[in-house]
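For reference, the structure discussed in these notes is given below.
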Amino acid sequence: MKLSGPSIASTGDTTPGNASHYHVTDTSTMTAVFFNSSAVGGGGGNKSWSEVQDIVSDVSPVFTWDVILAIILKSSVMGFIIMAALFGNLLVIVSVMRHRKLRVITNYFVVSLALADMLVALCAMCFNASVELTGGTWLFGYFMCDVWNSLDVYFSTASILHLCCISVDRYYAIVQPLDYPLIMTHGRLAVMLAVVWCSPAIVSFVPIFMGWYTTEEHLEFRRANEDICSFTVNRPYAVISSSLSFWVPGVIMLFMYYRIYVEADRQERMLYRYVLLMHRVLVPVRSIHILISI
């Protein structure tokens, strides 16, 4: 940081050889540093102007143009992602609600999934954006840190469970099409959606607010550093939450879509054999018809 005449003010003894009090302000980088006799070397006595310059030169500016441009770029990208998530999912919801033909069982799951993804963008991504833009500083206190972590886990789990329900719905629609209207009724739809929206609380709000998700050392660290919102989990919570939020729904989805693939492949082979059979039957008949016409 260069020191120029207009950016240096002095108080106390202003003789050229001494610097008992200097207030150094770099207006180009919006950085202010206050030096007094105790800060510059400690003890008593005055410091020379060259010593003050040496110490000031070690101070890095807080805001430089590259930092400002990085913040603008990061905020623009994150803002675009959040707005795209909000309006994209809102468009899905409005489309289904406005067109009666789209109001089928499967699309109710899609609408509920779009709502969960909207809430992820609104409740989780916005807080994450604030942390990213402030360099990792949490601005909202201890309680809101638990709220943010709970909402993040809750809505992420709800989204995965919605995908699991959609795979089950598609399985019955393709593998058992005749039984589908009897199996996927509006009553079962309501029960499945209730489970999807209520069960994530088991691995989000309850263990996080009770403090079961982490160690006592981490809780003490958070109480002493409320400007840091970290999410460090213990082994039991990691196993249980990952199983309920990812592994169990993931295995169910893999199984359902594998069965759908097998059924689709079987129907394709049946259709191919049917086409070959019709070709073998129709070719002789057409030949006979040609001979008769001659």
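Positions of Cβ are set from backbone N, Cα and C atoms, glycine also.
Over in TrEMBL, the protein carries these features:
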type	residues	note
REGION	1-21	region 'Disordered'
COMPBIAS	7-18	compositional bias 'Polar residues'
TRANSMEM	67-96	transmembrane segment
DOMAIN	88-294	domain 'G-protein coupled receptors family 1 profile'
TRANSMEM	108-131	transmembrane segment
TRANSMEM	151-168	transmembrane segment
TRANSMEM	189-213	transmembrane segment
TRANSMEM	237-258	transmembrane segment
Exercise. Honestly, do the transmembrane segment (108-131) and the transmembrane segment (189-213) touch, with at least three Cβ pairs under 8 Å and pairs 6 or more apart in sequence?
Worked result: yes
Seminar exercise, completed: For the transmembrane segment (237-258), out of 67-96, 151-168, 189-213, most C-beta pairs under 8 A are with 151-168
